[in-house]
Amino acid sequence: MSDLLSVFLHLLLLFKLVAPVTFRHHRYDDLVRTLYKVQNECPGITRVYSIGRSVEGRHLYVLEFSDHPGIHEPLEPEVKYVGNMHGNEALGRELMLQLSEFLCEEFRNRNQRIVQLIQDTRIHILPSMNPDGYEVAAAQGPNKPGYLVGRNNANGVDLNRNFPDLNTYIYYNEKYGGPNHHLPLPDNWKSQVEPETRAVIRWMHSFNFVLSANLHGGAVVANYPYDKSFEHRVRGVRRTASTPTPDDKLFQKLAKVYSYAHGWMFQGWNCGDYFPDGITNGASWYSLSKGMQDFNYLHTNCFEITLELSCDKFPPEEELQREWLGNREALIQFLEQVHQGIKGMVLDENYNNLANAVISVSGINHDVTSGDHGDYFRLLLPGIYTVSATAPGYDPETVTVTVGPAEPTLVNFHLKRSIPQVSPVRRAPSRRHGVRAKVQPQARKKEMEMRQLQRGPA
């Protein structure tokens, strides 16, 4: 009898581990169990890892999908989804759990589209960036009067207003000249941000992310950078001046891909507001400083948009299945957008990888860099481009590239070491005919002239 009971309990445990994700709200412990359940179902293509802890000590868990989990494969792009940045905006969290189960199940069912996506892409899913805030919101539940309860982290900070402000620097550089990518962090940045923000920034430093989406609630629209308005003039009710990035057309296309694959976002009229094509420039909607999507673009190689996915910030459980069906195709199509533009390796004469080489596209004032393995990824719309690769100590290389509408174009660069140019010593004629007087080097000459100016006329 005890043997039968043991077998029954084992089968019950096994059933709990492989049961599909249900359409309900998952508290922190449920979320963790769900992530490990998916890993148990698909151990060959998944990995659960933590990028840090929240203020109250909860792990910020990520579920990775890859045919080689835990390993970066050169020329395979990295893409991420971030959910539940605002603790009371719960739909993104649940969609990420449903997406995780869907990818696992469809891979096991040999759905060729999903198999190819996982073989060609390294996908990172962070269901909850703000688990502390979620627990506060979940304790209140949906349809309660506290609209903003649980929005912030445990220290009362809005995490989407907590990243270092790099927009101020890029707007200055665009006007007066300066770097157009990978803007440095302030020296004291760690003391200015919350633990959750710090963890995400370190996560960005650990992976060469190419594409990302940040899932929110309270509206239905695909929002693209910049979020912070360059001009603070108001152009209508709740509207400020549009502030496009150098990649504005590309960002619009990424936003439209999600909007038109979504069940109803593309219609424009949602939640009492109207957005043509279901998309908006962030600053055109309202100006937001220290946001995450602008930070991605200005500090890393990553192109991120913000997805507002539901009128209700914390929708009732009976709406979750409808929301999943409305977002499923859009979530997959957006992941597939990482496979466009150009990609390749940057190598030296001996075929060694060159990290941190700068890839520039003529006419687009935003560069990207090669990763630690020497591979780079540059999202571009179809067209003909002039592309250059540069690295300190090497001669630049420039090529003309045709980008098609489907797969990315492979463009490798082989950079040769620069040969130092030695300037010949210039000599001036002496005042005496036929005799040349030796002159000082240029730096010494300038120094003597400066001293003469300081002394004044003799």
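Note that Cβ sites are derived from N, Cα and C of the backbone, with glycine treated the same way.
Annotated in Swiss-Prot:
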{"type": "ACT_SITE", "residues": "Glu308", "note": "active site, proton donor/acceptor"}
{"type": "BINDING", "residues": "His86, Glu89, His216", "note": "Zn(2+) binding site"}
{"type": "DISULFID", "residues": "Cys42-Cys104", "note": "disulfide bond"}
{"type": "DISULFID", "residues": "Cys271-Cys311", "note": "disulfide bond"}
{"type": "DOMAIN", "residues": "24-338", "note": "domain 'Peptidase M14'"}
{"type": "CARBOHYD", "residues": "Thr400", "note": "O-linked glycosylation site"}
{"type": "CARBOHYD", "residues": "Thr402", "note": "O-linked glycosylation site"}
{"type": "CARBOHYD", "residues": "Thr409", "note": "O-linked glycosylation site"}
{"type": "REGION", "residues": "423-458", "note": "region 'Disordered'"}
{"type": "SIGNAL", "residues": "1-20", "note": "signal peptide"}
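In three-state terms derived from DSSP, Cys311 (disulfide bond) belongs to neither a helical nor a strand segment and is classed as coil. The disulfide-bonded residues Cys42, Cys104, Cys271, Cys311 differ in how many other CB atoms lie within 10 Å of their CB, and the one with the most is Cys104. Around the Cβ of His86 (Zn(2+) binding site), the same chain contributes Asn130, Gly133, Gly150, Arg151, Asn152, Asp158, Leu159, Asn160, His216, Gly217, Lys313, each under 8 angstroms and 6 or more positions distant in sequence.
A coil conformation is recorded for Cys42 (disulfide bond) in the three-state DSSP classification, outside any helix or strand. Other than the site residues His86, Glu89, His216, same-chain residues with C-beta atoms no more than 8 angstroms from the centre of those residues' C-beta atoms, the Zn(2+) site, are Asn84, Met85, Gly87, Asn88, Gly92, Arg151, Asn160, Leu215, Gly217, Gly218, Glu308, Lys313. Confidence over the domain 'Peptidase M14' (24-338), given as mean pLDDT on the 0 to 100 scale, stands at 96. According to its DSSP assignment, Thr400 (O-linked glycosylation site) is in a strand.
Cys104 (disulfide bond) and Cys311 (disulfide bond) have their C-alpha atoms 29 Å apart, to the nearest angstrom. Taking Thr402 (O-linked glycosylation site) as the reference point, the recorded positions whose C-alpha atoms are within 10 Å of its C-alpha, out of Cys42, Glu89, Cys271, Glu308, Cys311, Thr409, are Thr409.
Candidate recorded positions: Cys42, Glu89, Thr400, Thr409. Nearest to Glu308 (active site, proton donor/acceptor) by Cα distance: Glu89. Within its own chain, Thr400 (O-linked glycosylation site) has Ile384, Tyr385, Thr386, Val387 as residues 6 or more apart in sequence whose C-beta sits under 8 angstroms from its own. Within the same chain, residues at least six positions away from Thr409 (O-linked glycosylation site) with a Cβ under 8 Å of its Cβ are Gly341, Ile342, Lys343, Val401, Thr402, Val403. Under a cutoff of 8 A between CB atoms, and with a sequence separation of 6+ in the same chain, the neighbours of Glu89 (Zn(2+) binding site) are Arg151, Leu215, His216, Gly217, Gly218, Lys313, Phe314.
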